[in-house]
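Colleague: To start, I am sharing the structure in question, which I have written as structure tokens.
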Amino acid sequence: MAKELTLSIIKPDAVAKSVIGEIYTRFEKAGLDIVAAKMTQLSREQAENFYDIHRARPFFKDLVDFMISGPVMIQVLKGENAVAKNREIMGATNPKEAAPGTIRADFADSIDANAVHGSDSLENAAREIAFFFEPHELCNR
């Protein structure tokens with residue numbers, strides 16, 4: 001089976017808790033290789049453009065405000081069924097509904113400050129990866 005790529009963002013709440021290393025360990029234990037990574041402070045424009053699909057939703061402004069509230073860690077993960085595997089280890093969007101042992105169950109504070117973002121499809125993964133990374137920034141592993 002071909003290996004997939006997916007985008008993951010460790011959000012400002014989790015970066016502030018200094019759990020990047022613990023989250024990376026979970027990716028690697030799940031068989032997901034980190035093939036690109038960067039820490040950055042998103043601008044309002046970047047956050048608005050990245051989450052443009054949610055622009056008409058009532059939570060859009062709060063989401064953007066949260067995503068620019070501190071640095072984020074952005075990575076590209078590669079592995080068998082990477083999109084589904086990453087979403088499984090992230091857990092449900094609402095940490096109160098997330099299975100024990102998932103990233104959100106262990107590190108998220110609320111449905112808004114929910115520690116991580118992960119692509120929800122191969123199509124969105126390709127779009128999201130291209131938003132943050134140039135092709136030459138992805139390493140072969």
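Backbone N, Cα and C define each Cβ position, glycine as well.
As annotated in Swiss-Prot:
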type     : residues                                   : note
BINDING  : Lys11, Phe59, Arg87, Thr93, Arg104, Asn114 : ATP binding site
ACT_SITE : His117                                     : active site, pros-phosphohistidine intermediate
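Please go over these features one by one and say how buried each is and what sits next to it.
Modeller: DSSP assigns Arg104 (ATP binding site) to a helical segment in the three-state reduction. Counting every protein chain shown, the Cβ of Arg104 (ATP binding site) has 23 other Cβ atoms within 10 Å.
The Cβ neighbour count for His117 (active site, pros-phosphohistidine intermediate), using a 10 Å radius and every protein chain shown, is 21. Mapped onto three states, the DSSP output places His117 (active site, pros-phosphohistidine intermediate) in strand.
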Colleague: If one measures from the C-alpha of Arg104 (ATP binding site) to the C-alpha of His117 (active site, pros-phosphohistidine intermediate), what distance in angstrom results, rounded to a whole number?
Modeller: 10
Colleague: Only counting partners 6 or more residues apart, tell me which same-chain residues put their Cβ under 8 Å from the Cβ of Thr93 (ATP binding site).
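Modeller: Correct list: Arg104, Ile111, Asn114.
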Colleague: Which number gives the other C-beta atoms within 10 angstroms of the C-beta of Lys11 (ATP binding site), all protein chains shown included?
Modeller: 22
Colleague: What is the biggest Cα to Cα gap, in Å, among Lys11, Phe59, Arg87, Thr93, Arg104, Asn114, the residues listed as binding ATP?
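Modeller: Per the listed residues, the maximum Cα distance equals 21 Å.
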